[in-house]
Amino acid sequence: MDSLDNTTLLLAPSSLLPDNLTLSPNAGSPSASTLSPLAVTSSPGPGLSLAPSPSIGFSPEATPTPEPTSSSLTVGVAGQGSSAFPRPWIPHEPPFWDTPLNHGLNVFVGAALCITMLGLGCTVDVNHFGAHVRRPVGALLAALCQFGFLPLLAFLLALIFKLDEVAAVAVLLCGCCPGGNLSNLMSLLVDGDMNLSIIMTISSTLLALVLMPLCLWIYSRAWINTPLVQLLPLGAVTLTLCSTLIPIGLGVFIRYKYNRVADYIVKVSLWSLLVTLVVLFIMTGTMLGPELLASIPATVYVVAIFMPLAGYASGYGLATLFHLPPNCKRTVCLETGSQNVQLCTAILKLAFPPRFIGSMYMFPLLYALFQSAEAGVFVLIYKMYGSEILHKREALDEDEDTDISYKKLKEEEMADTSYGTVGTDDLVMMETTQTAL
């Protein structure tokens with residue numbers, strides 16, 4: 001009877017009774033309405049919990065206390081005003097992208113990126129830079145691949161692999177972003193045209209203000225009703241543009257005025273970028289952990305691997321079709337496949353709440369990982385085989401320029417008529433004059 005009296009005492013306040021709970025006069029115990037999916041269940045501690053059950057009653061016999069479960073602790077009966085039964089404390093952990101470690105890492109990466117852009121600006125030759133501005137064939141080809149081929153490829157991959165709404169939009173956003181700064185570094189490592197690379201990065205970022213909303217408006221309507229054009233963070237685009245233009249412009253000025261200082265800055269920027277990449281990969285793996293990586297579907301991994309590879313191939317193929325020089329082909333190739341994943345991450349933060357986006361926040365990081373790995377393989381192949389082929393070709397060109405065989409000299413003498421020719425009559429006259437002397 002003690003347990004029954006305690007139960008009756010606990011149920012006495014009317015504020016603790018749900019609206020659909022009635023008291024049976026015969027049984028003397030509360031019973032839940034059969035139409036409600038929620039019923040009162042015994043709680044492991046003080047207070048009541050709501051759980052899906054058809055009905056429950058209180059018997060005068062003592063019943064054993066069930067073990068605590070996660071479901072019994074999630075929903076509690078909250079009375080009006082102050083309650084004598086405290087709610088169970090549930091620890092709240094912020095998402096990994098909202099932690100102080102991630103914010104500090106973003107600041108570190110941003111500072112290293114500015115140093116890298118300063119060093120890349122020191123590699124620009126002002127004379128060749130103007131030539132690419134007057135004849136922007138490479139920049140137009142990169143823009144065609146960047147905002148024409150890659151968004152269409154991302155759209156088709158999302159349809160082929162039947163991705164859900166969040167995953168499809170994450171893939172589409174990454175495909176519509178402008179070129180990233182990784183292409184500038186990789187172009188430098190493969191002896192590409194740095195003037196063309198920087199022009200392509202700047203122009204694609206400027207074009208993103210117009211073409212990126214257009215691509216999102218065209219392709220995103222297949223999954224969501226809210227136009228992502230309204231969610232485009234113009235502040236993030238402007239910040240990306242400033243972080244690219246200002247250091248590069250300063251680097252060009254240093255190269256123009258102080259040549260030796262520019263060479264030193266290039267070396268420092270390359271080493272700083274190498275250290276930044278190592279720290280970034282280690283810290284990203286530490287923050288994410290294997291559980292979050294395992295929650296990503298396998299189809300998303302396939303898309304993250306195939307997209308940058310297709311971008312590199314399309315850029316190189318289009319540059320070959322238009323008969324660009326070999327160094328420009330490599331530059332267009334790397335610029336097309338390298339995307340600005342920082343901008344994609346910023347849009348995903350604004351487009352979806354953290355609890356809804358979940359592991360799809362990882363797709364830009366996966367894309368950055370695989371585009372860096374594939375570009376690294378491209379650089380490694382070039383360093384192993386491409387440089388040897390180029391050296392052999394340069395040696396052949398030098399041999400042709402320094403060929404001083406008798407046949408070649410004879411042909412040049414016969415073809416050289418800049419000083420006139422000597423006829424037979426002039427030759428007889430010269431012989432007579434010499435005899436007279």
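Glycine is no exception: its Cβ is also placed from the backbone N, Cα and C atoms.
Swiss-Prot assigns M194 and S220 to topological domains bearing different names, which places them on different sides of the membrane. With a threshold of 8 Å between CB atoms, the same-chain residues lying at least 6 positions outside the topological domain 'Extracellular' (162-197) that come near it are 113, 116-117, 120, 123-125, 128-129, 131-132, 138-139, 142, 146-147, 150-151, 153-155, 204-205, 207-208, 212, 215-216, 219-220, 222-224, 228, 240, 244, 270, 273, 297, 299-300, 303, 307, 325, 327-328, 330-332, 334-344, 347-348, 351-352, 356-358, 360-361, 363-364, 367-368, 371-372, 375, 378-379, 382-383, 386-387, 390. Proximity of distant same-chain residues to the topological domain 'Extracellular' (255-267), defined by a Cβ-Cβ separation under 8 Å and at least 6 residues beyond the stretch ends, is recorded for 118-126. When DSSP labels each residue, the topological domain 'Extracellular' (162-197) comes out as 24 helix, 1 strand, 11 coil, counted as helix, strand and coil in that order.
In this structure, the CA atom of N195 (N-linked glycosylation site) is 14 Å away from the CA atom of N181 (N-linked glycosylation site). There are 22 other CB atoms within 10 A of the CB of N181 (N-linked glycosylation site), with all protein chains counted. The stretch in closest packing with the transmembrane segment (361-381), judged by the count of Cβ pairs under 8 Å and taken from 104-124, 198-218, 292-312, is 292-312.
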